[in-house]
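In TrEMBL this protein carries:
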type	residues	note
DOMAIN	A:82-270	domain 'ABC transmembrane type-1'
TRANSMEM	A:30-47	transmembrane segment
TRANSMEM	A:81-105	transmembrane segment
TRANSMEM	A:117-140	transmembrane segment
TRANSMEM	A:146-168	transmembrane segment
TRANSMEM	A:189-208	transmembrane segment
TRANSMEM	A:214-237	transmembrane segment
TRANSMEM	A:249-274	transmembrane segment
Amino acid sequence: MTVTDPTISDPVMVDEEETRRARARRIERIAKWVLPVVMMGLTLLVWDRIVVWNEIPHYILPGPRLVFATLVEDWAMLFDALLVTLQITLMALAVAVIGGVGLAVLFTQSRWIEMSFYPYAVILQVTPVVSIAPLIFIYVENRMAGLLICAWIVAFFPVLANTTLGLNSADHNLRDLFRIYGATRWQRLRFLQLPSALPYFLGGLRIAGGLSLIGAVVAEYVAGTGGIGSGLAFRILEAGYRLNIPRMFAALFLIAATGVVIFAGLSFLSHMLLRKWHESAMQGST
Amino acid sequence: MAAPAPLGQRSALLDMRHVTKTFNGDVVALHGMSLTVNEGDFISLLGPSGCGKSTALRLIAGLSHPSQGRIEWQGGADDTDLAVVFQEPTLMPWATVAQNVWLPFRLRGKSYEQVKDDVLEALRLVGLENFQRSYPRELSGGMKMRVSIARALVTRPKLILMDEPFAALDEITRHKLNNDLLEMKQKIGCTVIFVTHSVFESVFLSDRIVVMAARPGRVIEELTVDAPYPRDEDFRTSADYAGHCRAASDALHQAMEAA
Ligand SMILES: Nc1ncnc2c1ncn2[C@@H]1O[C@H](COP(=O)(O)OP(=O)(O)OP(=O)(O)O)[C@@H](O)[C@H]1O
Ligand SMILES: [Mg+2]
């Protein structure tokens, strides 16, 4: 007797629906990269044509080629400014992480502390940083420290809020289990609450990364002073005063690129830390 | 480990005396429950939803305290000789199977190296020795439950509390786990209190069935299943089993009417 049923004789055989779905998935994976790049190319082209055809002067709207040339030409100055902005951003992010996680841990250790301080964290969050920054620069002598404080104020809240939520969302049966085995407060934090909070923390971190860059840039606008050791925001202001629009665009491009790199880096970190066990990092999701 | 002593001759492990638990001052979850748990018993708590089965387990586990009455450990045992298995597997998703089973020891300050043999032995008992390095999400529901049981067994506790551990599993997996559970209990020689909604499960597993009624939660009858262990598929089809099921079923009906 011969077996003719193809699904039995050929285990790799897949049905039509599966094939179609696999093809759709493959196309989507490629499109995810190709489409934005094509879009970008088109935008640059249209931008360039508009500028050329309408003979728009470069002090009103420079074309992409001029912006690129400026980027290359001013690279030394812009790169120094980028390093300054980046340094403030990363330091603010680091302090936001330490402060946010530290406060969150403190809050979950004691309801009293949480009740006393949480409202102030919210107030700090909802007050626009532009309105606090001038005060900060009056009281804080060191310009760097002032910038750092501003960026930190903007960035720490998502870390605090998400981590607090995460620490409190440990499975209640696991909590009971820890109690039954006589776990200490420290053991419960270390082995249960911190791992439970990790996905929440990483979500907050991704938001905080972008916010600390915003905080750093906004604070520098407010601080307004320049000279040696000034960041990209000041370079934009300065170029604006001099009607050097191409340089403004070049600096703007660097800020946007920095933001993208920070976001991508943190997303990658999050993926690496969670891919083994957390739903959000498993196949099929970004 | 030999079979437990005959029912009448076992030494007491835990005594519940007139235990009442009231929530928020007016919800009587458990009313005047008295129960002596003996070493080697397999006790099922059988009853309709809301009759205080989980409440009774939580009181025994020390997760909450009686409003009235007392729960006393006997013969030198205490609440460190205890393990719990919940309805959900309740595993740490970020930890491997072996790390999950290590947890009870880890919380008592033992390094993995110190207790590695015990962890592997517990995994062997539940048939998962080849899955040490897997993460919970890579396992089926039944396998996760086995990990949860291995975690309970690893410290060789005197008493294991199980709150509807197999309720979420399919019939076939449940039968297999019932068989294996009896075998494990025999090997380790522990005492089990097992909460279930299923008459069949309670008869197959236990030598004592405590039937409870709701509103207020209370014990209304205790049945004895005197069939000898080990029990196997033959017992499931025997007239003896059918008889015990009918008796337990009648008692359960009474419990539902009493409510
Ligand atoms: N923490 C609590 N606060 C208030 N009421 C509670 C609490 N825990 C249980 N109860 C009440 O006590 C009664 C018994 O609850 P319990 O969970 O022990 O029932 P059960 O027999 O385990 O039910 P099920 O079979 O549905 O799990 C219920 O009426 C429930 O509403
Ligand atoms: Mg229950």
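Glycine too: its Cβ is placed from the backbone N, Cα and C atoms.
With a threshold of 8 Å between CB atoms, the same-chain residues lying at least 6 positions outside the transmembrane segment (A:30-47) that come near it are 63-64. Of the two recorded stretches, the transmembrane segment (A:249-274) does not lie close to the transmembrane segment (A:146-168), with fewer than three CB pairs under 8 Å once pairs fewer than 6 apart in sequence are set aside. Remote same-chain partners of the transmembrane segment (A:189-208), defined as residues 6 or more beyond its termini with a Cβ less than 8 Å from a stretch Cβ, comprise 93, 96-97, 100-101, 104-105, 108-109, 155-156, 158-163, 165-167, 169-171, 174-175, 178, 183, 263, 266-267, 269-270, 273-274, 278, 280.
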